[in-house]
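These notes are about the structure you will find just below.
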Amino acid sequence: MGFRAGFVLSSTFFLYGVLFLCSVVDFPLIYHDWKPESADSAETFYLSFFRAPTAIHALLHGMVSLGLVGLLAKLHRWSEVAKYYDGGSLALFVSAICMYLGVVLPNVRLLSDPGNTVLLGRSSVITQRRMAADAIAKEAGLEPPELVDITSPLTPDERIQGLRVIAASNTIIMMLLAGVVLMQATEWYLAHLDAAAAEKERRRLMRELAASGGSTPGPSSSKAIAGETSSSKTTALESSTGTEKLKKRS
């Protein structure tokens, strides 16, 4: 596992730590019996996190950027494995970022400033108010109103619904990040299998080469045999030349 996969996994697990911290106040809102204290605790937690120093926000967004950089660097190889698994991981990671930017952050901003008409106009509160107004008009036998009041601040019920939307969005983000981890683990497992198969094939070829080298002389053994033959011929010529010289002297 290289640095690029390390970037992705470190970013993902850091975000998991943040989400597990949020789950302490999220789960009582959507998975447990309703208590008013749960909404107060969740609102206090999210507002304190929203109003935290800039360094906290920079750390969170920096870790998100680290995961994006790692996925883009892995996808840049554009192999078959990277195309499917890193591409899928990038799609899941970007979906989690869109959930954070499009759902979680606007609702937290609205909780911090309930009377902001601009934030109210962009939130899902307008849809809820329109549906409630349509239901009231239908019961009274009147035409649905064309305009919805966006000047009044959040009601207690709308505040609770906003907190539940944040909690549900965090749960969805956790599932998306789980998909990223699963994709990366599967990619590593496939790379491990390919490396093991390549090593097995290399050892098989080495055994075949060793077996063929024992039965048939290879190039190195042929050169050694040729060298020994030439040296023996040279020694025989020198001995015969010396014998002829001795005969001439005698």
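Yeah, the Cβs are placed from backbone N, Cα and C, and that goes for glycine too.
Some features that TrEMBL has for this protein:
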type	residues	note
TRANSMEM	7-30	transmembrane segment
TRANSMEM	50-72	transmembrane segment
TRANSMEM	84-105	transmembrane segment
TRANSMEM	162-183	transmembrane segment
REGION	207-250	region 'Disordered'
COMPBIAS	212-222	compositional bias 'Low complexity'
COMPBIAS	228-243	compositional bias 'Polar residues'
Beyond the flanks of the transmembrane segment (50-72) by at least 6 residues, Cβ under 8 Å: 3-8, 10-12, 14-15, 18, 86, 89-90, 93-94, 97, 108-109, 111-112
Using a Cβ cut-off of under 8 Å, list the residues of the same chain at least 6 residues beyond the transmembrane segment (84-105) that approach it. 8, 12, 15, 64, 67-68, 71-72, 74-75, 165-166, 169-170, 172-173, 176-177, 179-180, 183-184, 186-187, 190
Which residues of the chain, 6 or more past the ends of the transmembrane segment (162-183), have a CB below 8 A from one of its CBs? 8-9, 12, 15-16, 19, 22-23, 25-27, 29-30, 39, 42-43, 46, 85-86, 88-89, 92-93, 95-96, 99-100, 103-104, 107-108, 110-111, 123-125, 154
